[in-house]
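> As annotated by TrEMBL, transmembrane segment applies to 12-42, 48-71, 157-181. Annotation comment: TrEMBL describes 117-145, 118-135 as disulfide bond.
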């Protein structure tokens, strides 16, 4: 059943295993874009600064599109995240060897520490006690991760929005400064 669930929820699988590769790819793209901006400013190259500006515009558009889609589908994302948590939790519970359970515990530990929760619906079953050995000590043992995930996407969505807004403002300033620098290079006399 868990295998069929993994195949069915492709987006959740990407969040689980492919997330690291996506973050590495995004980091590489951002490094390349940053290199274009820095090298273009050092060399006073309009072409490189124009490419830097175009990349920033594309990244900004992708960020806005992802934010809108995420906000419109926040309930589905919340359900998918709960499904992913349950599948990792159940898969970890099925392992009898502590070394095999280590990977599931690492994923669950991220949930537990980030959301200050423990277990599916609370820390009350034998399976939860086996799986959630790494629960943070500051968590009340009655707080389940299902309710915390729902709360994050329903009541605290403004925090995600504020973070996205701050990143958007920074990107707007980057675009303004790169275009001002590009125009300044074009209007400067050649020595």
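Cβ atoms are placed via backbone N, Cα and C, with glycine included.
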> If you count other Cβ atoms within 10 Å of each one's Cβ, which of the disulfide-bonded residues 117, 118 has the most?
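Neighbour-count leader: 117.
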> Could you round the CA separation between residue 118 (disulfide bond) and residue 145 (disulfide bond) to a whole angstrom and send it over?
6
> Take the Cβ of residue 145 (disulfide bond) and count every other Cβ within 10 Å, whichever protein chain it belongs to.
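A 10 Å sphere around the Cβ of residue 145 (disulfide bond) contains 27 other Cβ atoms.
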